[in-house]
Amino acid sequence: MDSHKDRIESMRLILRVMQLCGLWPWSLRAGEEWTLSGFVKSNYRFLLHLPITFTFIALMWLEAFISSNLEQAGQVLYMSITEMALVIKILSIWHHRREAWRLMHELQHSPDYQFRNQEEVDFWRREQRFFKWFFYIYILISLGVVYSGCTGVLFLEDYELPFAYYVPFDWRNGGRYWFAYGYDMAGMTLTCISNITLDTLGCYFLFHISLLYRLLGLRLRALKNIGDDLYFGQELRGIFILHQSVRRLTLTCQKIVSPYILSQIILSALIICFSGYRLQHVGIRDNPGQFIAMLQFVSVMVLQIFLPCYYGNEITVHANQLTNEVYHTNWLQCGPPIRKFLNAYMEHLKRPVTIRAGNFFAVGLPIFVKVYTFQWVLIMESTNRLSAIQFLLVIQRWTGLLKWKNEEENGLLAWLQRIYPFVLHLPLTFTYIALMWYEALTSADFEAAGQILYMSITELALVTKLLNIWYRRNEAASLIHELQHDPAYKLRNVEEVQFWERNQRDFKRVFYWYMGGSLSVAAMGYISVFFQAEYELPFGYYVPFEWRTKERYFYAWGYNVLAMTLCCLSNVLLDTLGCYFMFQIASLFRLIGMRLRALQNAPEEKARPELRRIFQLHAKVRRLTRECEVLVSPYVLSQVVFSAFIICFSAYRLVHMGFKQRPGLFLTTVQFVAVMVVQIFLPCYYGNELTFHANSLTDSVFITNWLEYSVGTRKLLNCYMEFLKRPVKVRAGVFFEIGLPIFVKTINNAYSFFALLLKMSK
C-alpha cells in the first residue's frame with residue numbers, strides 16, 4: 001500500500017527550490033566529493049549567500065546605523081530585523097543540515113511509518129494536499145510583498161529604492177539607479193524565498209509529526225471492535241513501537257526548529273512595531289505601492305508567527321489526545337495482562353509532548369497570544385487617542401479655525417499663519433453674513449425677510465462660534481495636545497484599547513454622517529435653483545449689482561456657493577469639535593469606571609495603589625471638564641438661544657413655500673430643519689453622557705471588593721464617594737446645564753414661536 005504513496009509529496013517542489021537557494025544539501029554520488037561538481041555542490045550555499053544575502057543584510061544594517069534620524073532608521077529597521085531572523089534560520093539549517101536531511105529521509109522511506117489500509121492513505125493524501133496549497137498561497141503572498149514594493153517605486157517622480165540599503169555610489173540618476181535597483185530586487189527576492197521556504201520546512205516537520213500522532217489515534221480507534229486478545233495485543237505492541245519512534249522524531253524535530261522559532265518570536269514584536277511605525281510615515285497617496293506592500297508585509301509577519309505556533313500546538317493536542325483514544329478501545333473485553341499493558345501505556349502518555357523553543361517556552365497558540373498581546377502593548381503606546389477627529393483637525397487648521405500644529409513665533413511664516421484665518425473669513429464668512437442681514441433688514445415685506453432670516457440667524461450663531469474659538473485658540477490647542485499626549489490618559493491593556501477604538505469609531509461615523517447631511521443641504525440648494533423658471537440664488541443675500549441676467553448671475557451664484565460652503569463647513573467642524581471635547585471626557589469617566597470595576601476580585605495589596613492612581617486620574621479629568629466647559633459654553637449657549645428662532649423661521653418658510661411650486665428649495669429646507677434638530681441634539685446628548693458617566697462612578701466604587709479591604713482603605717473609598725457626591729455638569733454660561741432636558745425645552749420653544757408666527761401672519 002505504501003509503495004504507491006509519496007509520504008512527503010507536499011514538500012517535493014519546496015525542497016527542490018531550497019536546493020537551488022543553497023538551503024538544502026545536494027545529494028552526492030560515490031566519489032563525487034573530489035570532483036568540480038562535488039566541490040560546487042558542497043560549497044554552493046556559500047557562493048550564493050555570501051555575495052547576496054549576507055552582504056545585502058549587512059548593507060541594510062549599515063544604512064540603519066548611519067541614518068541621521070529615527071524616521072530614516074525606522075524605514076530600514078522594519079526589514080533589517082526580519083533579515084536578522086533569516087540569518088539565524090540560515091545558520092541553523094546549515095548547522096543542522098545533516099539531521100534535517102536524515103529526518104526528511106526517515107519520514108519518507110522508513111518502513112515504520114508505512115500505511116496499512118486505504119483509509120490511512122486517503123487521510124494522508126488529504127492532509128498533505130491541504131498543507132501544500134496553503135503554503136503555496138502563503139509563499140505567493142510573501143513574494144507579492146516584495147514585488148509590490150519593487151513595482152511601486154517605479155511610479156514615483158523621484159528615484160527611490162524599494163527596500164532601503166546602503167549603496168556605496170550615487171544611485172539617484174538614470175545611469176546608475178538600475179544597478180542599485182537590480183541588486184536590491186535580487187537580494188530581496190533571494191532573502192524572501194529563503195525566509196518562506198525555511199518557514200515552510202520548519203512548519204512541515206511539525207505538521208508531519210502531528211499527522212503521525214493522528215495516525216496513532218486512527219489505529220487506536222481501529223481496535224474498538226477487536227475481541228481477540230492475541231490479535232489485540234499484537235496490534236497494540238505495534239502501536240507502542242510506532243509511538244516510541246514518533247516521540248524520538250519529536251525530539252529531533254525540536255532540535256532543528258527550536259532556534260528558528262525562538263528567533264522568529266523574539267524578533268517578531270519588534271518587526272511589527274517598526275512596520276507599524278513606517279506605515280504611519282508612508283502615505284497611501286504619496287507612495288501607494290509601498291503602502292500596500294507594507295500592509296501585506298504586516299499581514300505576512302503575523303501569519304509567519306502564527307503558523308509554527310499552530311503546528312506546534314497541533315503536536316501537543318494530538319499527542320495528548322491519545323489518552324482518550326486508548327480509553328475508547330475495547331479494553332473492557334480484554335484480559336488482565338492486556339489491561340495492565342494499556343495501563344502502563346496510559347501512564348507513559350501522562351508525560352506531555354511539547355515542542356520547546358530553546359529552554360524558554362513551549363511552542364503553541366498560548367505563546368502566539370502572548371506575542372500578540374505584547375504587540376498590542378506596542379500599539380497602545382502609539383494609539384492615536386484622537387483618531388475620530390484627527391483628519392478633521394487638519395481640515396479645521398486649513399479653514400482657519402484652529403492654530404497650526406507647529407505654529408512659529410517669529411518670521412514671515414508665523415505672520416502668515418496668524419493672519420490666515422482673517423484673510424480667509426473676512427472676505428467670505430463675515431462679509432457674506434453681513435450681506436445676508438442687510439438683505440433681510442431691507443426686504444420689502446415680512447415674508448421676504450423670513451425667507452432669509454432662517455439662514456441669517458444660523459450664520460449669526462456661527463459668528464459666535466468663530467469669535468469664541470479664535471479668542472480661546474490657545475486653550476483649545478492645549479486641551480487637544482493634552483488629550484492626545486498626556487501619559488496620564490494612556491491606555492493600559494487590550495480591553496481598554498478596544499473600548500477606546502470602538503467608541504472613537506462610533507463617534508467618527510456619527511459626525512461624518514452629520515457633516516455629509518449638512519453639506520448635502522447646501523449642495524441641494526446650489527443645484528435646485530437651476531430648475532426654477534426665473535433667476536434665483538440658492539441662499540438669499542444682498543448683491544450690489546443687478547444679477548438677474550445671464551451674464552452676471554453666475555458671479556452672484558459663485559460667491560454664494562463659495563461663502564456658504566465655507567460657512568457650512570466651519571459650522572459643522574466647530575460643532576464636531578465642541579461635541580468631541582465632551583465625548584472624550586465622557587469616555588475618560590467611563591475608563592475610570594472600567595478600572596474601578598476591574599477591582600471587583602482584586603486583593604487589597606493590588607487595589608490600594610490602583611485606587612490612588614484612579615483618584616489622581618479622576619482629579620485630572622475633573623479639571624479637563626472645567627476647561628471643556630469654558631470652551632464649549634459660548635458655542636452651546638448661542639446655538640440653543642438661536643435654534644428656536646432658526647427652526648421657527650425655517651418651518652414658517654416651508655408653510656409658505658409649498659412643495660409643488662418649488663420642490664427643490666422645499667426639500668432643501670426640510671433637510672435643513674432636520675440638520676438643525678440634529679445640531680441642537682448632539683451637544684445636548686454628549687453633555688448628558690458626560691454627566692451620566694461621571695455620576696455613575698459611585699456605583700462602580702460600590703462594585704469593588706471593598707468588603708475585603710482594611711479599615712484604612714475603606715475610609716479612603718468613603719472619602720472618594722463623598723467627593724463623588726458633587727455632581728459633574730457642563731453649563732452653558734450661568735443659564736442652564738447642557739443635557740437632554742434643555743434639548744426638549746428648545747424644541748418646545750421652537751414650536752411655540754412657530755405657532756405664534758402663524759397666528760400673526762393670518
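Backbone N, Cα and C define each Cβ position, glycine as well.
As recorded in TrEMBL, the features of this protein are as follows:
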| type | residues | note |
| --- | --- | --- |
| TRANSMEM | 46-64 | transmembrane segment |
| TRANSMEM | 76-94 | transmembrane segment |
| TRANSMEM | 133-156 | transmembrane segment |
| TRANSMEM | 193-216 | transmembrane segment |
| TRANSMEM | 257-279 | transmembrane segment |
| TRANSMEM | 291-311 | transmembrane segment |
| TRANSMEM | 360-379 | transmembrane segment |
| TRANSMEM | 422-440 | transmembrane segment |
| TRANSMEM | 511-533 | transmembrane segment |
| TRANSMEM | 553-574 | transmembrane segment |
| TRANSMEM | 664-682 | transmembrane segment |
| TRANSMEM | 734-758 | transmembrane segment |
Query = Honestly, do the transmembrane segment (193-216) and the transmembrane segment (422-440) touch, with at least three Cβ pairs under 8 Å and pairs 6 or more apart in sequence?
reply = no
Request  = Mind checking which residues of the chain, 6+ beyond the ends of the transmembrane segment (76-94), have their Cβ under 8 Å from one of its Cβ atoms?
outcome  = 23-24, 45, 49, 53-54, 56-57, 60-61, 63-64, 67, 100, 163-165, 191, 194-195, 198, 201, 256, 259-260, 263-264, 267-268, 270-271, 274-275, 277-278, 294, 297, 301
Request  = Give the one range among 422-440, 553-574, 664-682, 734-758 whose Cβ atoms make the most pairs under 8 Å with those of the transmembrane segment (511-533).
outcome  = 664-682
Ask   = Which sequence positions outside the transmembrane segment (734-758), separated from its termini by at least 6 residues, show Cβ-Cβ distances below 8 Å to it?
value = 582, 632, 636-637, 640, 643-645, 647-649, 651-652, 655, 677, 680-681, 683-685, 687-688, 691
